[in-house]
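Student: Dumping the structure here so I can ask a few things about it.
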Amino acid sequence: MTTDDLAFDKRHIWHPYTSMTSPLPVYPVERAEGCELVLASGKRLIEGMSSWWAAIHGYNHPQLNAAMKAQIDAMSHVMFGGITHQPAVNLCRKLVAITPEPLECVFLADSGSVSVEVAMKMALQYWQARGESRQRFLTFRHGYHGDTFGAMSVCDPDNSMHSLWKGYLPENLFAPAPQSRMDGEWDESDIAPFARLMAAHRHEIAAVILEPIVQGAGGMRIYHPQWLRRIRNMCDREGILLIADEIATGFGRTGKLFACEHAGIAPDILCLGKALTGGTMTLSATLTTRQVAETISNGEAGCFMHGPTFMGNPLACAVACANLTLLESGEWRQQVASIESQLRAELAPAQSSPWVADVRVLGAIGVVETTHPVNMAALQRFFVGQGVWIRPFGKLIYLMPPYIIRPDQLRRLTQAVNDAVHNETFFSH
């Protein structure tokens, strides 16, 4: 990549959550292999983000590459309206087999945010078909569900990336974020505000939507499984649907194939994305029960009113099937358990820094929450200098490495985090 290319990028290309007047620096990557990104300079960076939590098997995995190459020769895309194909059937068969019962109807879409939009539309259309006007969603503060309009309406309205849009979005119901931690005791009083909100608005609520066990980009909080059990019971009692957004947590990230398994519950609607294709292509899936699907289909519209152009893309479905085949081997369980053990041991020293508020770990997730926002540009430059790729935001420095990472590579990541949090120059104060 030339200097001219980088100048063009800076002038014309809008990167995620980046200013066009004072953009953060970008680092040109030429290729990626295993757990490493190779910069144009030849410098290698150990990958700590799994490309926003998606590349669970690392990069250039031979089985995933082979699946894509074979599918390209047959058919890279075809519309899904009035047509079906083997990769979609194979993928949906696998998804129905591995997700909790009674989820059995699958809607394929483009991205995680769209999966959430689809789930919300399913819930709204379900109640419309039943002749009830339920138009609101109940969720937690500090939640994050995506950047599209409906998804933004169930993100924290005050403490998130979407507070700018308050007043424009539909007004949903927000309970305080869970305080009972995964590694602590369950406090029954923790759920009281949530229960009061549900009781007060039970005839308005179409669904509860939440990120099970781990709240992702809204704060990386890890909460007690009893929350999910109690909410499942409340939803059953009130006849309210439960949507589990497992876009970040699905496919083994928390040590269980799906985070709902920590509580032994099943949602009425399940959102999947990110790691669905092993981080190779964009694809998402929204699963629901036969009862929800048939209620929608028997309503006035006679069908579910959604249909993306690239729905069921054969290339994405083929590589997603290969990804699930890799997961079926079960090797990921030991990999994630080993990562968790190493993260717990090696991030513990960060707690001694005066700039650190909390350290938390679950599965292949390690989070260091700081007392002050980090200086993003300076800290990113430091990490690249250390030969690691870690992308912090706000007060969070976190690791979500590929499951195939070696202990020595993970040690480089944790050492870089420990060095950073003991250096006050990286914090705004």
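The count begins at 1 with the first shown residue.
From the backbone N, Cα and C atoms, a Cβ is placed for every residue, glycine too.
As annotated in Swiss-Prot:
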| type | residues | note |
| --- | --- | --- |
| BINDING | Trp52, Tyr144, Lys274, Gly307, Arg391 | substrate binding site |
| BINDING | Gly112, Ser113, Asp245, Pro308, Thr309 | pyridoxal 5'-phosphate binding site |
| MOD_RES | Lys274 | N6-(pyridoxal phosphate)lysine |
Student: List nothing but the one residue from Lys274, Arg391 whose Cβ has the fewest other Cβ atoms within 10 Å; the candidates are the binding-site residues.
Tutor: Arg391
Student: Could you check the binding-site residues Trp52, Tyr144 and say which one's CB has the fewest neighbouring CB atoms inside 10 Å?
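Tutor: Fewest other Cβ atoms within 10 Å, among the binding-site residues Trp52, Tyr144, is found for Trp52.
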Student: What binding-site residues among Gly112, Asp245, Pro308, Thr309 are found with a C-alpha within 10 angstroms of that of Lys274 (substrate binding site)?
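Tutor: For Lys274 (substrate binding site), the binding-site residues whose Cα atoms are within 10 Å come to Gly112.
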Student: I'd like to know which of these binding-site residues, Ser113, Thr309, is least surrounded, judged by other CB atoms within 10 A.
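Tutor: Each of the binding-site residues Ser113, Thr309 was scored; lowest Cβ tally within 10 Å is Thr309.
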Student: Reported as an integer number of Å, what is the Cα distance between Ser113 (pyridoxal 5'-phosphate binding site) and Gly307 (substrate binding site)?
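Tutor: One finds 15 Å between the Cα atoms of these residues.
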Student: Of these binding-site residues, Gly112, Pro308, which scores lowest on Cβ atoms within 10 Å?
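Tutor: Ranked by other Cβ atoms within 10 Å, the binding-site residues Gly112, Pro308 bottom out at Pro308.
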Student: Of the binding-site residues listed here (Gly112, Asp245, Pro308, Thr309), which is spatially closest to Arg391 (substrate binding site) when Cα positions are compared?
Tutor: Gly112
Student: I need the CA-to-CA distance for Thr309 (pyridoxal 5'-phosphate binding site) versus Trp52 (substrate binding site), whole Å please.
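Tutor: With distance taken Cα to Cα, Trp52 (substrate binding site) is 24 Å from Thr309 (pyridoxal 5'-phosphate binding site).
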Student: What's the longest C-alpha separation between any two of Gly112, Ser113, Asp245, Pro308, Thr309, the listed pyridoxal 5'-phosphate-binding residues, in angstrom?
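Tutor: Farthest-apart Cα atoms in Gly112, Ser113, Asp245, Pro308, Thr309 are separated by 23 Å.
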Student: Compare the C-alpha of Asp245 (pyridoxal 5'-phosphate binding site) with the C-alpha of each of the binding-site residues Trp52, Tyr144, Gly307, and give the closest one.
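Tutor: If we rank Trp52, Tyr144, Gly307 by Cα distance to Asp245 (pyridoxal 5'-phosphate binding site), first place goes to Tyr144.
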Student: Between Trp52 (substrate binding site) and Gly112 (pyridoxal 5'-phosphate binding site), what C-alpha distance do you get in Å?
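Tutor: If we compare the Cα positions of Trp52 (substrate binding site) and Gly112 (pyridoxal 5'-phosphate binding site), the gap is 12 Å.
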Student: Between the binding-site residues Asp245, Gly307, where is the Cβ count within 10 Å the lowest?
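Tutor: Result for the binding-site residues Asp245, Gly307: minimum number of other Cβ atoms within 10 Å at Gly307.
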Student: Expressed to the nearest Å, what is the distance separating Pro308 (pyridoxal 5'-phosphate binding site) and Tyr144 (substrate binding site) at their Cα atoms?
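Tutor: That comes out at 23 Å between the alpha carbons.
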